[in-house]
Amino acid sequence: MEDALPIRYTQAFDLQSLGLSKDLFKPGNLGFESEKYLSLKEGGELVIVDIGAGFAVTRKTMKAEHILVHPSNLIIAARAKGTGASNFIQIFDMKNEKRISQCEIKEDIDYWTWLNNTTLGVVGSSSVYHVDPKSGTATKIFARSDKLSGSHIMGYSMSHNGTWAILHGIKAAEDKSIQGNMQLYSIEKSQQQPLEGFCGSFAEVCVNDDPEYKNSLFCFVEKKAGQPNSTLRVMEIGNPNGSDGKFKQSAQFTYAPEAQGDFPVVVHAVEKSGILFVITKLGYLFVYVIGSAALIYRQKITASLIFRSVKNSKTDGAICCNRDGQLLAINADQPNLISYIMNKCTHLTDNVGIAFKMAHRYSLPGAENLFLAQFNKLFGSGDYKGAAKVAREAPGDTLRNADTIQKFKSATAASGPPPVLIYFSTLLETTKLNALESVELVKPVLAQGKKAAVEDWIKKKKLTVTDELVEIVKQYDPKLGFNLTLMSDNPDMVVQGLVEGQQFDKIQPYLKKTGKQVDYLNILRNVTPRNSEAALGLSKWLFAQGPNMVPTETVVTIFLDNNAIQEATAFMLEALKNNRPEEGHLQTKLFEINLRAAPNVAEAIFQMQTFTHYDREKIGKMCEAAGLYGRALEHLNNVDDIKRALLNVHAIPAPQMIAVFKRLEPEDALQSLDELMRSNRQNVQRVAEVAIGDFERLDSSKIIQLFEHYQAYDGLFYYLGHILPQTEDEECYFKYIQAAARLNKIQELEKVIKSTSHYDPVKVKDFLMDTPLQDPRPLIYLCDLHGFVPELTRYLYKNKKNRFIEIYVLKVNNAAAPKVLGTLIDLDCDEIYIKQLLNSIRMCPIGELVEEFDQRNKRRDLQSWLQARANEGVNEPALHNAIAMNLIDNDTQEAENHLINNPHYDSKVVGKYAEDRNADLAFIAYRRAWGSCDEELIEISNRNYLYRLQAKYLVERKDEELWSKVLNQDNEHKQAVIDKVVQVALPESDNTEEVATTVKAFMDADMPSELIELLEKIVLHNSDFSSNQDLQNLLVLTAIKADRTKVMDYVNRLDNFDGEHLAEIALNDKYQLYEEALAIYRKCNRPDKAVDVLITYMQDLTGAQEFAEKANKPEVWSALGAAYLNNAQTEDCIDCFCKAKDASHSARVIDLAESQNLFAPLIKYLSMARQVNHRDTDIDGELVYAYAQTDRLDELEDFINEPNQADIQKAGDRCYEERLFYAAKILYISIGHNQKLASTLVFLKEYQAALEAAKKANIPKVWKEVAFACVRSQEFRLASIAGLNIVIHPDNLDDLIQHYEKFGYFKECMNLLESSLGLERAHMGIYTELGVLYAKYEPGRLMDHIRTYAQKINIPKLIRACGKWHMWEETVFLYSQYEEFDNAVLTMMEHSPSCWRHDLFVQNILKVANQDLFYRAMIFYLEEQPMLVNDLLKLLAMKIDLLKCVSVMRKAGHLALIEQFLKSVQNQNVGAVNEALNEIYVENEDYESLRASITEYDNFESLNLAGQIENHELLEFRRIAAIIYRKNEKWDRSLEISKKDELWKDSIETVSESGDMKLTEELLRFFMETGEKELFASMLYTCYELIKPDVAMEVAWRFGLIEYAMPYYIQFMKDLSSRVEGVQKKTDEIEKNKDAKAAEEAEGRLQDIDMGFMFPGVGGNGMQAIMAAPGQMNMGGGAFPQSNPNMGGGFMGGGQGW
């Protein structure tokens, strides 16, 4: 092709279409490390573009400065600035949302990139580091060269093997040209070489005669300082091939004439094709041949700077990103590369030689004819060696094929080795033999016994491994064949070899390494017949890798087809272990094959209880047939089947029988249990087990009745013993107790009584007392638990079982001793026995014991026992209470001593007991409690007039709550107690706390008079407490509250009180003792407080003024000033504050003065305040404002020129807000605030000056304000200057345009935007808004505008504008540019008169995403362009649903209009299309087309069509109907139509095809009745297999057609004779082998199936490790051992045992 190029260049994607701003696409912000991901920062968000997922965008908030996405995985490296020059790098796993590692680079980072999947390269300001992302370890690789100092780093990369690195950057030279420097560094040798140049790339490319050897090269563009030209250099940095020298090539790098100042920015090696891409700053692409440094192509590919490129791993080409956000894909076009060099690169002196070498080295197509001609020339001249070299170098299989080998085999040499040997030896020198060559060479070599040579070739990897080669080698050496298998390029062969060697763990690493897939099922089919064990291992391994790796059913079929039942079973057990419903049929098959072949294996599988989704009914019947009756019962559902199986109860394990009964209805289950009991009493255990197993359904009361009916108390005991933990039924527990008692199960009886409470204790007690028990312990435990101790004692005493009484009291429960002893007393038991029993008891509940004896007036009898316990050290209160009571009754002095000294008795109990016997003793007992018996003490002392003792106790007790009770108003004894307190108790006390508590109690009782009287005696009468401050405070305070007339006297007389506290109380609104408070403050020397009383409470400012003049203290003047301030007396308060030099109220004073517009006094105050607060910003600011308000502009200028702390900007803003523009101008000029200055000048209408200020400020807001003001004043020149500085900011553009439009200056606005198009910072918004203005005001210019700037316009916004102003043609164009083809099509259909064109419509409809538009387009074309509808549909044929298409057209009534289209798509055999065409053919009476249609395409409703045309007036249509009926096996209908139309051939073909003898016979008779003799003979021939001989003979005889039937009979007799001979031969063979077969069957035995593969480690019969043989199972359970463990000696009760 003339236009074929060596490269393919396309724009892969435009990132701006994702809504990303063009400003984001720049170095340092965009990270582009591979063809999978792209990242950039937009504000505070990280934007990740997943290129492989259709450019899906993910946004995440992240504060990092720069982000790089890992080349392969969704892992990011985030970089953030630390303190100083430090930088932090963190590695994040975005998929798992976790941080992987972190490291710190302690210098500025100029560049960073992912070098490979495991290394992050970081270029610092002085050194280069490699960072391990897993550990976060940063390793310094080398220091930057001095020549790179100050350079902008353009890139850093590393060679494939990690031994070399290249760092390159650029900087401006002195002559302002661009100077490039590179630093090539050997990581392996730690050596570096500085280079002068721009950029470079490492490459692994063959540049020698051996295509298998890859040379390690470094390619770069060199530009030395002072030299005008650049040079492309290619040099080898690795080891050369063999004896070759180091490879070097260079060529002058010539820039395009029009590209002045251009330089390379990207060098990319396309290793698969041996070419080099060099891309320059100005967008030129240079393509060089690496092996010769020859330039073969140059073209400008973009006008925007390409700043980043990555390798396309699929094509080996480059994907580049430019500043416009375009992703450009550049790839080598291998099919055209060689032909392009040969045909187009005529500027090269040896272009054909270059092409020839490239085709050889890189197996590129295009030079086949050259190789073939050279080969034939050398071969014809007898140069076999040269011909072999040409064949070796030819690409692909151009010459290395069977024809070439045959040529060498056929050739003969005059001397030397045979040509074929020369051929193979030449190939082996440098290359590897292909599959055909390997077989052709190895086969004769092995036949000659030269295995060593083959091993050497295998070792050197000179052979291509194939199935054929492996099989050949295996014939001579199986081990070598296996090793060869592992070297195969055929993954199926390698994996099969690993499987046969059972090296399953190596399969996945091999496939992962090679990236290949295999057909595991085919491998399994091949391995199973030869090695079923390996096949099983493979199947299990595949299932372990994932259940979907291979179909389970297919694997099972493969095993069963090879009769590998054990392997099939083992695999199914593994594969079906998850018990999924959809695998039910496989579970059924698993049981089927084992129930037939190995029932014991099936039983083991049942025991695993893994499978539940198989066909239970089917498997149940198979279990019964196999003798597994228990399993059969589990699966059968029919009641009769279940009853039949139950007849074998002796062979059914208990669990299975229980499961069966659970499935029966309760009535049936109870009936069956009754029959079991009736049939055999020994079945009691099985009945009990079943009843226990089905406890929840079977009525326990009926089960109990069943056992009681047959007096099977042992079964009842066993049954109830198991169900008791599951029930709380009292009757069940009682029956269990009865059964246990009858069976003398004393221990079980005790256990149930002790451990449960679900029985009626009274009922059980009565039963046990009525039952003659040999051991009464159960009764003892029952009575003890339920409090029947008296009844128990009576029972044991009356039955003369005193020994059990003693055991019960002394060993079982000594806590019951009181009740036992009490009961024995009531029973008039011998006192001696009672005392003996009592003395034998050392511990029991003493209180209860005393109570029992006290109730019977026997407490004195306990005295000696009580005293003995006390002597033993028992401190129980009840014990000592009883002793104290006995002493009180004796009324001795010992009682008082006991009450005073004994700490163990209960004071309340003993005091209460003593109240009526001795009040003093009761008081002593209550006093000893010291608080817990206060109420009882007060009560007993009041009742017995013990006021002195009570008063003394109150003072000593110091309890406020107790005092409150005694001093309560309702206490009639209060006064008597108070008198004793004042007269006796308090005077005798010298304890300060006692006095304080007493005084507080009087205060709390609200008795001021009594309190004053008490305090006067204490404080004023020279007592020990006269100088006590608290008492003085209390006296004054009490006077304030109770007698205010005494307050002033107390103030004058006392001198040790808390004056400030009392003054505050006096000032309280409740008392208002202002004079007294003033006196107190004066006495305490607090003038500030005193003046506050005058001001605040007495409100006497005059008196306060006089007091201030006398005191003359700053704090007094300050307080007075504050008062004046509160009264809004501005000048007075300023005067006071100035005397006090107090500026603390400056804010309020300023507010007050400003509110009263008193700025002159305020200046005086602020001047004083500046002297006090030297650095107060607010005061200086207010002073500036005061100057401005008083129009003292000169003083203002002087002030701001002097040192001050004023916030000038704030003051200026304040003046600006209050329209004091001249003052604001002075302030803004002083601080250079050009932003506000410009606004101020606008108000002063000084527009030129405002423009100058705006230039200095250079802030969009200021420019906007100035521009708006200029527009309002029609200063359009100045407005345009300001506007050019606004439009470059997208956020302000809309406001500017709206302002112009508001005043109707449309043309000026458009002129402004047009002039801004040439700005360097012109953005999308300018182009878009200009387009909107064109749409509104100058629509004729819009189309030219959008065609020119389509890539720079915000298309969605302009589309809305075009729609609003009905610019439909432009709307369609914009939709197409924006790739919203759906909307473009809709717009053309909705507004077709103004914007529809067929070519444009077709161009867009083919790209729409919404398929419904296809059908709307069909309707649209039907309505407006019906003659083009077929053209449209043909274009959409592969995109539309033909069924829906036909439906739409049929509904529209124009189906015939698209006949041409339907014919073009009928080859898809779509039913709707076929039916539509058939309908058209019928309507047009085109039977030939109809016949061809139904013959070739069968997907249509054939019977419907046949029904429509079977009565058609044309014969051919009726014949077609008969054919259709015949195809659908409607033989009668077809035959009826054919007979009706006398289509006899069709009739005969119909019956012959039907295979129906009856139908054939009917037609035969029909022909005879109509006299068609020829048809009779034809039928005998055609329907030979369907006509019975008797029928043929009958018809022939009846109608005289014997001669017509004779051929039929001759054939029939021949077939009959052949069959008889065959039967006779088979009979003879059967008789001959009968004896041998019988003998073989007699000697043969059924061998056990080895189940070791299912249960490893179990020898012999694998089932022995799981369960005993049915004849050896203990079927009885634990409680009832069977007398016959073998259950009759065999299976089913007789016969030979298992």
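Here the Cβ of each residue, glycine as well, is placed from N, Cα and C on the backbone.
What TrEMBL lists as coiled coil is 1613-1643.
According to TrEMBL, the feature repeat 'CHCR' maps to 543-689 (among others).
The repeat 'CHCR' annotation in TrEMBL covers 691-833 (among others).
According to TrEMBL, the feature repeat 'CHCR' maps to 837-979 (among others). Per-residue confidence over the repeat 'CHCR' (837-979) averages out at a pLDDT of 80.
Annotation comment: TrEMBL describes 986-1133 (among others) as repeat 'CHCR'.
Per TrEMBL, repeat 'CHCR' is recorded for 1137-1279 (among others).
Taken from TrEMBL, the feature repeat 'CHCR' applies to 1284-1430 (among others). Look at the repeat 'CHCR' (1284-1430): DSSP puts its residues at 112 helix, 0 strand, 35 coil.
Taken from TrEMBL, the feature repeat 'CHCR' applies to 1433-1576 (among others).
Residue counts of the repeat 'CHCR' (1433-1576) by helix, strand and coil are 112 helix, 0 strand, 32 coil (DSSP-based). Contact between the repeat 'CHCR' (837-979) and the repeat 'CHCR' (543-689) is not supported: fewer than 3 Cβ pairs lie under 8 Å, counting only residues 6 or more apart in sequence. With DSSP classes pooled into helix, strand and coil, the tally for the repeat 'CHCR' (691-833) is 107 helix, 0 strand, 36 coil. Summarised by DSSP class, the composition of the repeat 'CHCR' (1137-1279) is 109 helix, 0 strand, 34 coil.
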